[in-house]
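Student: The structure under discussion is supplied below as structure tokens; questions concerning it will follow.
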Amino acid sequence: MSLDLTAAPPSAPATADDGVWLACIECGETFAPFSAIRYTCDHCDGLLEVRYADPPTFEDFEGRGVWRYAAALPFEEGVSLPEGDTPLHHVPRLEADVGVDRLRIKHEGMNPTGSFKDRGMTVGVRVAKELGVGRLACASTGNTSAALAAYGARGGMGTLVLLPAGKVAAGKIAQAALHDARILEVDGNFDDCLDIVQDLAARGEVYLLNSLNPFRLEGQKTIGLEILEEFRQDHGTYPDRIVLPVGNAGNTSALYKCFRELVQSGALDPEDVPKLTGVQAEGAAPMVEAIEEGNDEIRRWPDVETIATAIRIGNPVNAPKALPGIRETGGTAVAVPDEEITDAQRALAAEGVGVEPASATSIAGLRRLRDRGVVDDDEQVVCLTTGHLLKDPDAAFAAGNDPEPVPNDTEAVLAHIAE
Ligand SMILES: Cc1ncc(COP(=O)(O)O)c(C=O)c1O
Ligand SMILES: N[C@@H](CCOP(=O)(O)O)C(=O)O
């Protein structure tokens, strides 16, 4: 099954429901979208994609937020908080410092629960309602669990989240707790948690809402749609490159799908598709390894470690969708050390943009690629920042200034700040 950028638009199979169906990206088998619960292909276990008889054009979009893009989604509306419409920040000092023609920051930390996951959950929980499932579940490094708990609560559904014990930032656990998720702390890493939750889903115990679920990625496509529309409106052109953190590789896959569908409908020239450029932490970089070595498959990293706990992932399940996305768009992937992630977090904060460590990898990666001459100085670049600063208060304290104790006295305060 081809994930080529310029593959011909698919024609609707008999399994299509109102012009929507699921297709296996490996063997091409198709399935009715809502007749049964499935996450992978019944025949070859390949990843599934949602397909549409009528891929969208920009003229089809109206309204605000994720649901402005209903013409690119399987429903007209979802379980919403609402989400999307995130800012595209200008960061002039950082732009000059990195040395590119134009740099914009798409700050997905400004979604309702503070990360891009909300875009996927508004669609995913809507689908869960359509399927009539009971309990929703996910494995998580934190943000997916926060979003699932909030959207599950909004939809009136119970949620179960499996987290790697001791490796999830405080803000994210607090969100899952308050939104009434049942929280299981597993003595293992994120990939182990995902193995277990997949087993639970296969046994019919839960409905899985990680990005293995193809409907989650439909919502996350809207990041790409917003970037293209807003960048073109502001600058009359599309960005040359989108740089993003990579964990389970859902966003890379979703952005590539967004571009492919626009190319299929004729709304976007293949020449105008931004180069997808993935960034991982050096301690958790299986996608970078595959890109650098030219492999079509990922080698699972059993031991992963990084300050960017959100992307502490050794087995990105969406790699079969994301690797073609990086290659077909002419992009690349790069790994960055933790110190450079923290430096980038500070640099964004110095422009007023507060992000969690994983988000800052996009800037750290862009810097590295500029230093290596892979990114040119005349490029127009959008960096995706995926989660809010408050998600990980410990990392923010470690990277930022220490509070200074002072006496309860104006003269003493004046003397202190004069030092
Ligand atoms: C803040 C943050 N950034 C980046 C990622 C990586 O995104 P993806 O899994 O879509 O590659 C995640 C989770 O995976 C995340 O929580
Ligand atoms: N960073 C993620 C990891 C899981 O990713 P998903 O997109 O597959 O749900 C998280 O926040 O848990």
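All positions are counted from 1 along the displayed chain.
The backbone N, Cα and C atoms fix where each Cβ goes, glycine too.
What TrEMBL shows for this protein is this:
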BINDING   N143, G247, N248, A249, G250, N251, T386  pyridoxal 5'-phosphate binding site
DOMAIN    79-387  domain 'Tryptophan synthase beta chain-like PALP'
MOD_RES   K117  N6-(pyridoxal phosphate)lysine
Student: Using C-alpha atoms only, work out the spacing between A249 (pyridoxal 5'-phosphate binding site) and K117 (N6-(pyridoxal phosphate)lysine) and round it to an integer in Å.
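Tutor: A249 (pyridoxal 5'-phosphate binding site) to K117 (N6-(pyridoxal phosphate)lysine), Cα-Cα distance: 13 Å.
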Student: Among A249, G250, N251, T386, the binding-site residues in the record, which have a C-beta under 6 A from ligand 2?
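Tutor: Cβ under 6 Å from ligand 2: G250.
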Student: Could you tally the C-beta atoms, other than its own, that fall within 10 angstroms of the C-beta of A249 (pyridoxal 5'-phosphate binding site)?
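Tutor: Excluding its own Cβ, the number within 10 Å is 27.
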Student: Where's the emptiest Cβ shell within 10 Å among the binding-site residues G247, G250?
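Tutor: Least crowded of the binding-site residues G247, G250, by Cβ count within 10 Å, is G250.
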Student: Taking the Cβ of K117 (N6-(pyridoxal phosphate)lysine) as the centre, count every other Cβ atom within 10 Å, in any protein chain shown.
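Tutor: Taking every protein chain into account, the count is 34.
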Student: Could you check what DSSP calls K117 (N6-(pyridoxal phosphate)lysine) once collapsed to helix, strand or coil?
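Tutor: It is helical.
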Student: Please list, in sequence order, every residue of the chain apart from N143, G247, N248, A249, G250, N251, T386 whose Cβ lies within 8 Å of the Cβ centroid of the pyridoxal 5'-phosphate site.
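Tutor: Not counting the recorded site residues, we get F116, S211, P245, V246, T252, A310, I311.
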Student: Near ligand 1, which of the recorded positions K117, N143, G247, A249 are found, taking a Cβ distance under 6 A to any of its atoms?
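Tutor: List returned for ligand 1: N143, G247, A249.
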Student: Looking at Cβ-Cβ distances, which residues of the chain lie under 8 angstroms from N143 (pyridoxal 5'-phosphate binding site) while being 6 or more apart from it?
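Tutor: Expected: T113, G114, S115, F116, K117, K172, A310, T386, G387, K391.
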Student: So how far apart do the pyridoxal 5'-phosphate binders N143, G247, N248, A249, G250, N251, T386 get, largest Cα to Cα in Å?
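Tutor: Taking every pair among N143, G247, N248, A249, G250, N251, T386, the longest Cα gap is 14 Å.
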